[in-house]
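A short worksheet on the structure shown next.
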Amino acid sequence: MYPDTCLVSFYETNGRRLGLHQDCDESSDSLRRGLPVVSISVGTSAIFVYGRTERKRKLKSVYLDSGDVLIFGGESRHIYHGVEQVSCFTSTDRLYVESQMRLGRLSLTLRQF
């Protein structure tokens, strides 16, 4: 994988979330090869939900903390996924003071188009 795109998303702690979706915008070659999506979390924690279907009761969830890296590729490349909730005050004050970042979660998503 040679990432050539970085999507930067910021989630405030005011309840903004990212609904279930699949990442299917890359080239047909990248999708066919199952090249991974790499997501880096910075800031407050979030609940990341995922599954092979959009049906809520079949979804699984994982808590992503600041510094976590999530990679999905191969067979899991086309999973439905989203951000269910961004937690308040789950990261250190030092991060926000030294970086001057607003309170919230910053997601850096790398992929090869």
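The backbone N, Cα and C atoms fix where each Cβ goes, glycine too.
These features come from TrEMBL:
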- HIS21, ASP23, HIS81: Fe cation binding site (BINDING)
- 2-113: domain 'Fe2OG dioxygenase' (DOMAIN)
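On the structure: features taken from TrEMBL.
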| residue | record | Cβ within 10 Å |
| --- | --- | --- |
| HIS21 | Fe cation binding site | 10 |
| ASP23 | Fe cation binding site | 17 |
| HIS81 | Fe cation binding site | 22 |
Residues other than HIS21, ASP23, HIS81 within 8 Å, Cβ to Cβ centroid, of the Fe cation site?
LEU20, GLN22, ILE79, TYR80, GLY82
DSSP-derived class (H/G/I helix, E/B strand, else coil) of ASP23 (Fe cation binding site):
coil
DSSP helix/strand/coil residue counts for the domain 'Fe2OG dioxygenase' (2-113):
21 helix, 49 strand, 42 coil
